[in-house]
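Input: a single structure, listed below in structure tokens.
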Amino acid sequence: MAYPFQLGLQDATSPIMEELLHFHDHALMIVFLISSLVLYIISLMLTTKLTHTSTMDAQEVETVWTILPAIILILIALPSLRILYMMDEINNPSLTVKTMGHQWYWSYEYTDYEDLNFDSYMIPTQELKPGELRLLEVDNRVVLPMEMTIRMLISSEDVLHSWAVPSLGLKTDAIPGRLNQTTLMAMRPGLYYGQCSEICGSNHSFMPIVLEMVPLSYFETWSALMV
């Protein structure tokens, strides 16, 4: 859950988001070391009186500043590729939910059930109850079972949208005429908020996403009532 004046990322709720946080720290540490080295060299150049105006060739230095950046890029690229392949893997999902973007709301269809579908609109500010979040609450939450692999099929009925839930490490484009897919798994119950992350018109800011992750028994009860 995000909070006011937050500087860092949201707490991870899924294995993918945990991996993304670790990769973020890994890349940030490399950037910090590079920046420190550059600042150190600049400070030496500004304070030393030694000059090398007559140097015409320095193959050793050129070799170092060619090989070292290549090694650094490999250290960043390999973990990144690993996470990308992990995000693309969808093995034996327990549930499939189809999400369609509209101007300016989301519709959901539980494809494993015969007649379980609904639209999800933002609740206007004047209709919010005490404790509810402005611009983030919806009239119909997406209820899903926790600790289970869920496949999300995402598309759009009109313009480009993007279905994003930061704490789960999810951000998938909703493209008209194209069906994208992603997978999610929440490790603990709760409400997880997201928003459309692709500018899609005048009410782009009013397309929130709310996932309600519950134990499997609660989900089965809810789905039976909805059907």
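Heads up, the Cβ atoms here are built off N, Cα and C, so glycines get one too.
If you look up Swiss-Prot, you'll see 1-14 (among others) marked as topological domain 'Mitochondrial intermembrane'. Cβ atoms under 8 Å from those of the topological domain 'Mitochondrial intermembrane' (1-14) belong to residues 20-21, 24, 166-170, 184-188, 190-193, 213 of the same chain, restricted to positions at least 6 beyond its ends.
For 15-45 (among others), the entry in Swiss-Prot reads transmembrane segment.
Residues or ranges marked as topological domain 'Mitochondrial matrix' by Swiss-Prot: 46-59. Looking just at the topological domain 'Mitochondrial matrix' (46-59), the mean pLDDT is 76.
Under the heading transmembrane segment, Swiss-Prot lists 60-87 (among others). Only residues 6 or more beyond the boundaries of the transmembrane segment (60-87), in the same chain, are considered here, and those with a CB under 8 A from a CB of the stretch are 16, 19-20, 23, 26-27, 30, 34, 169, 182-183.
Per DSSP, the topological domain 'Mitochondrial intermembrane' (88-227) is made up of 21 helix, 61 strand, 58 coil. As annotated by Swiss-Prot, topological domain 'Mitochondrial intermembrane' applies to 88-227 (among others).
Annotation source Swiss-Prot lists Cu cation A1 binding site at H161, C196, C200, M207, citing similarity to another entry. Sequence-distant contacts of M207 (Cu cation A1 binding site), defined as residues of its own chain at least six apart whose C-beta falls under 8 angstroms from its C-beta, comprise G101, W104, Y105, W106, M122, H161, Q195, C196, C200.
The Cu cation A2 binding site annotation in Swiss-Prot covers C196, E198, C200, H204 and rests on similarity to another entry. Counting every protein chain shown, the number of other Cβ atoms lying within 10 Å of the Cβ of H204 (Cu cation A2 binding site) is 17.
Residues or ranges marked as Mg(2+) binding site by Swiss-Prot on the basis of similarity to another entry: E198. Sequence-distant contacts (6 or more apart, same chain, Cβ under 8 Å) of E198 (Cu cation A2 binding site) comprise L160, H161, S162, D173, A174, H204.
What Swiss-Prot lists as phosphotyrosine is Y218. Y218 (phosphotyrosine) is surrounded by 15 other CB atoms, counting those within 10 A of its CB over all protein chains shown.
Within 8 A of the CB centroid of the Cu cation A2 site residues C196, E198, C200, H204, the other residues of that chain are G101, W104, V159, L160, H161, S162, S197, I199, G201, M207. Applying DSSP to the topological domain 'Mitochondrial intermembrane' (1-14) sorts its residues as follows: 0 helix, 0 strand, 14 coil. Neighbour density for H161 (Cu cation A1 binding site): within 10 A of its CB lie 30 other CB atoms from the protein chains shown.
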